[in-house]
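Peer 1: Pasting in a structure now, in structure tokens, and then I'll have a few things to ask.
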């Protein structure tokens with residue numbers, strides 16, 4: 001945690017603060033830029049590290065390793081260090097809420113996603129589902145990295161929208177892959193294992209109640225994320241349509257008709273011209 005706090009401060013002072021001084025962001029953009037800058041650096045590092053572990057331990061070539069020989073209570077050093085680093089990073093996010101002077105209205109949102117990360121990472125670690133947890137973390141971190149790096153580019157140039165479109169597609173695919181891998185591992189792989197007895201000494205939690213709880217927590221989390229994603233896309237669509245509405249309303253020639261009528265009645269730019277003043281009707285009124 002202390003190392004994570006120090007690295008967080010170094011990135012903030014020597015990278016993000018210098019960019020903020022050059023770009024002159026507003027307060028809202030300033031806080032969002034700092035958040036995306038810190039998270040994109042972490043997601044990139046964790047995704048590369050996790051991918052290296054997956055390749056070195058032959059996870060990609062043999063997917064059955066996700067449930068074969070459960071419980072996975074023996075871990076290599078880099079696997080154990082990866083999980084400890086993940087827990088340390090998300091635990092350090094609590095004091096960072098104070099150090100970064102986070103707004104009160106943003107604190108509940110951040111507490112929710114920090115709590116979800118800690119719950120799922122600690123659950124995978126304690127239930128000896130570290131193989132499945134590693135695959136799902138790498139998949140999730142890659143999608144989140146794409147979102148935050150796209151937001152950084154968007155802050156530098158608001159015309160940049162392609163990254164969000166790609167992220168939207170990969171986000172939905174990521175949720176589907178998460179559900180498929182979870183059901184395949186927990187619902188089919190572990191359900192067909194021979195040893196299905198609860199044993200704390202060997203770390204075996206392969207019983208029906210635990211499997212249902214694991215699948216339920218994953219499904220509820222994915223549904224919650226999809227709900228937030230749909231609300232985010234609807235809000236973007238409304239903002240985009242509201243932004244285009246004034247431009248569409250300016251096109252009709254209502255203002256031209258009014259100005260032309262005004263010009264015929266009151267002369268040019270609303271002033272009385274000599275032709276209007278000297279019209280036969282006005283002369284008749286003068287003579288009377």
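Every residue gets a Cβ built from N, Cα and C, even glycine.
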Peer 1: Quick one: sort out which of 208-230, 231-253 is the transmembrane segment according to TrEMBL.
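Peer 2: Within the set 208-230, 231-253, TrEMBL attaches transmembrane segment to 208-230.
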Peer 1: Quick one: mean pLDDT on the domain 'TLC' (31-240)?
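Peer 2: Over the domain 'TLC' (31-240), the predicted model scores a mean pLDDT of 92.
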